[in-house]
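Engineer: Structure in C-alpha cells, see below.
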Amino acid sequence: MNIQEQGFPLDLGASFTEDAPRPPVPGEEGELVSTDPRPASYSFCSGKGVGIKGETSTATPRRSDLDLGYEPEGSASPTPPYLKWAESLHSLLDDQDGISLFRTFLKQEGCADLLDFWFACTGFRKLEPCDSNEEKRLKLARAIYRKYILDNNGIVSRQTKPATKSFIKGCIMKQLIDPAMFDQAQTEIQATMEENTYPSFLKSDIYLEYTRTGSESPKVCSDQSSGSGTGKGISGYLPTLNEDEEWKCDQDMDEDDGRDAAPPGRLPQKLLLETAAPRVSSSRRYSEGREFRYGSWREPVNPYYVNAGYALAPATSANDSEQQSLSSDADTLSLTDSSVDGIPPYRIRKQHRREMQESVQVNGRVPLPHIPRTYRVPKEVRVEPQKFAEELIHRLEAVQRTREAEEKLEERLKRVRMEEEGEDGDPSSGPPGPCHKLPPAPAWHHFPPRCVDMGCAGLRDAHEENPESILDEHVQRVLRTPGRQSPGPGHRSPDSGHVAKMPVALGGAASGHGKHVPKSGAKLDAAGLHHHRHVHHHVHHSTARPKEQVEAEATRRAQSSFAWGLEPHSHGARSRGYSESVGAAPNASDGLAHSGKVGVACKRNAKKAESGKSASTEVPGASEDAEKNQKIMQWIIEGEKEISRHRRTGHGSSGTRKPQPHENSRPLSLEHPWAGPQLRTSVQPSHLFIQDPTMPPHPAPNPLTQLEEARRRLEEEEKRASRAPSKQRYVQEVMRRGRACVRPACAPVLHVVPAVSDMELSETETRSQRKVGGGSAQPCDSIVVAYYFCGEPIPYRTLVRGRAVTLGQFKELLTKKGSYRYYFKKVSDEFDCGVVFEEVREDEAVLPVFEEKIIGKVEKVD
C-alpha cells in the first residue's frame, strides 16, 4: 500500500496578490496547471491504484482518447465510485477514497482497529513464504497478535472467538507461521463490519455529505490522506468578510496558520451565532435498493463560499428559479462542461424533480427580518387584577342568580305539571291555576262578611308579590283545598283593575276573570251581585231582625240567585249578624287564610271591620250543636250511599245523564259525587267548615310532604300496573272516565275524578265479555287463536275448543307443513313495552294467553 500523507490546503486569502492566478475557466477545472504550486481544484478521483492522478476530475473526467478531449453532452458517463461503495463492503475496500472515508468514520466511532486488522491480515497473507521472509513473517505475526488479539479490551479481541484466538496463540508459540493463520480471524472481523459498521457508514452523515457534494467533502480533506487525492487542494477563496469591516491582506495571519486543525470551509468562532439559522436544516435520508442518496437540499456550512461550482442565489431568487423550473420544466442548471447539462446522469428524472420540490420547500422557509407594523391596542388589554376580579365576580354572580331563578321556576312548573298529570288519577287533586285563590261565588255567602273583605285583601296582597310567590301560594292552596271549585272558567290571573273591584262586585269578579264570559256565566255573575247586595243590606239595616226571618229571606233570595236552577236549599246565605253570632270563633277567619300573607291581611282587615259593628255576639246553644252534628252525620251517610250507588250503576262516572234545559252547568252528582237525590235540594260544599263556620278547619298539610306522597303513590301504581294487568286496566279506566266527562265552557272545572271501584270494573269487564260472547256466539269453552304466518301482514283467526291450547294443537291448525319456529305474545314486565313474543318449542307446552286470545307468529327456519 502506497499511502501518502496530505497536508491541509493553503488559504489563498491570507497571501492574495495581484500576481495570483485567476480561477480556472468553466469547463477547464480538470486541467493541470504546472506553473501554479497549488492545485487548481480539490477532489477525490475514482482511479484505482497507487499512483497520483492529479490530472483527472471526478465531476467531469477528461478523456484524451476522445475527439474533443472530453465527453460531449448527452453521452454516457461512468457511475461515480461513491455509489458503488453502497453495493458491498468489498467495493468500498477496493477504492482508496472509500477506504479513507470509511477509516474516518471508524475513527469517529472508536473502532478503527477493525479496518486496520483487516488490512494487516491481508498484507500478512500476501507475504511470500520463503526463508528470507520467515523471520519477518514471525515478527509481523507476533506484532499483529500483540496489538489486536492479546489485548482483551480491544475491539478486535472482543469480536474474535476464543477458539480462533487460541489457534493463533498456539501457532505463534510453536512458531508455525502459516499465511492463512489469520484468515479465520479476518473472516470474523469482516462479518462484524458487514453487519454493523458498514451499514452504519452508509447511513452516516459523513458518507451522505460526501455524496451530496459530489466527492468534495471538506471533512475528508481535513481528516485523512489518500493516495489518489494527493496533490489536490481546494481553490483559494477570500476569507469571510463582515459587512462593516474592510479586508486586509495581512489580517488574521495567526488565525490562518492555526486553521490546520479545522476544515477550511468551517465558520470562524465569531460567526457561529450570526449564521445559526442558515446552518440549521433537517436532513432526510432515502434509500432505494442499495443506493443511498441524500435528503432535502441544505445550505452549505458557510453561505459566503461557492460550493462545487454552484453559486448560491438570494432566497427570493432561489425560490423564483425553482418555481420557474417546476412550472415550465426548463433547465436552469446549465454548465459549460457537463455531461447532461448539470443533471447527474445517474439520477432519473422523477428523483430529480422530487429533489427540486424539496429544495423549494426548504428555501421557502428562509427567515425574514421583522417588519414593524402600525401600533395598535392589543385585544387583551391588561386590567388591574382587583378591578378585573370585581367585574368577573359581579358577572358570575349575575349568571348564578339567573340560573338559580330558572331552576326554581322549572322545579315549580314541574310540580304543577305533576299535579295536572295526577289530576286524572288522583281524586283528591284539584285543577291548577290562579283561579283557586278564591272559592266559588255561592260559597262566599257562607262566610262572615268580614271574611269576604279579608279574602279580597289577601288576594290583593298576594297579586302584588312577584310571580314566584304567586306560584308558591297556588301550589299550597291547591294542596290544602283539593276539592274546592274554581271561581270561574277563566284561568288567567286577575289584574289590578279586577282586584280593585272585588269588594264591590264579588260575584262578577269571581266568575269573570276571562275576557269572553258565556251568557250563563253572566247570569251567574248577576245573581251573585244581587245576592251580595242583599247581604250588605242586612248588614246595615236589619241587624235587629229575628234569626228565623233572616234565614227564610236569605234562603228565598239565594234560590233566585242560584244559577243551576235547583230546588230551594236550606243552607243559604245568612245575614251578617247571624254570621258573626255563629261564627265568631277565633279559627273562623283563619279558614280562608291559606298562606301567611293572606292570614295577616285577614286579621288586619278583621279589626277594621269590627270597629263599626252594632250586632251582639252570641254563643251557639245546644240546639245549634245538635243541628251541626246532625248535618255531619247526614253528610257522611249520604256519601256512603253515593259510593254504593256508584258501585251498583256507575252513574257518577258515566256522564250520560242529560241536563235539564234550564241547567247551564254539569249535574250536581258529577260535581259532588256524595250528594244523593235527597241532598240535591241543598248545596253541599267540599269542606265541613264551609257548611258550618263554627267547625275548625283541617290543619294545613306540608306541600313537600304531599308531593312526596303523591310521587310515591304514582310509583307504586306504576309498579302494580306493570305487574298486574288488572291494576293497569284499573288506572286506564280511571283516566278514560276522567277524560270522558264533558266540560262545558260555562261550567266549573271538575274537581274530583269519579271513583271507579274494583267491583264496578269487574262488572264492566263481565258485561263486555258477555257482549262479545253474544255477538260472536263464541262458546265459553273455546278460545280465539290468531297467528301471523311467515311475516304476512294479515293474521289468521280461528276458534279452538278448550281454554288450554298446546303447541301440538296449534301445529294442526297450520295448512302448510314444514320447519317453523313459533312465538306467542304474553304479558311481561321484563321490557318497557310490557309484552314479549316468547318462543315455544315443546309440543306439550301450553300456549300463553294475551287478552283472552292466543296471538302467535310463525317464522320459517332458513
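Placed from the backbone N, Cα and C atoms, the Cβ positions cover glycine too.
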Engineer: Out of SER222, SER283, SER469, which one does Swiss-Prot list as phosphoserine?
Structural biologist: SER469
Engineer: Based on the annotations in Swiss-Prot, which residue of SER75, SER132, SER225 is described as phosphoserine?
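Structural biologist: The candidate carrying the phosphoserine note in Swiss-Prot is SER75.
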Engineer: Select from 20-29, 60-69, 570-579, 690-699 the stretch of residues annotated by Swiss-Prot as motif 'Tankyrase-binding motif'.
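Structural biologist: My reading of Swiss-Prot: the motif 'Tankyrase-binding motif' range is 20-29.
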Engineer: Among SER359, SER511, SER623, SER776, can you tell me which residue Swiss-Prot lists with the annotation phosphoserine?
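Structural biologist: Of the listed residues, Swiss-Prot records phosphoserine for SER511.
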Engineer: Pick from SER41, SER100, SER581, SER595: which does Swiss-Prot describe as phosphoserine?
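Structural biologist: Going through SER41, SER100, SER581, SER595 one by one, Swiss-Prot flags SER581 as phosphoserine.
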Engineer: What's the most sparsely packed of the recorded sites LYS857, LYS860, counting other C-beta atoms within 10 A?
Structural biologist: LYS860
Engineer: Could you give the mean pLDDT over the region 'Interaction with CTNNB1' (434-502), rounded to a whole number?
Structural biologist: 51
Engineer: Whole-number answer please: how many Å between the C-alpha atoms of LYS857 (SUMO cross-link) and SER469 (phosphoserine)?
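Structural biologist: If we compare the Cα positions of LYS857 (SUMO cross-link) and SER469 (phosphoserine), the gap is 58 Å.
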Engineer: Taking just the CA atoms, what is the gap between LYS860 (SUMO cross-link) and SER469 (phosphoserine) in Å?
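Structural biologist: Between the alpha carbons of LYS860 (SUMO cross-link) and SER469 (phosphoserine) there are 66 Å.
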Engineer: Using DSSP and three states only, what is LYS860 (SUMO cross-link)?
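Structural biologist: The three-state answer is strand.
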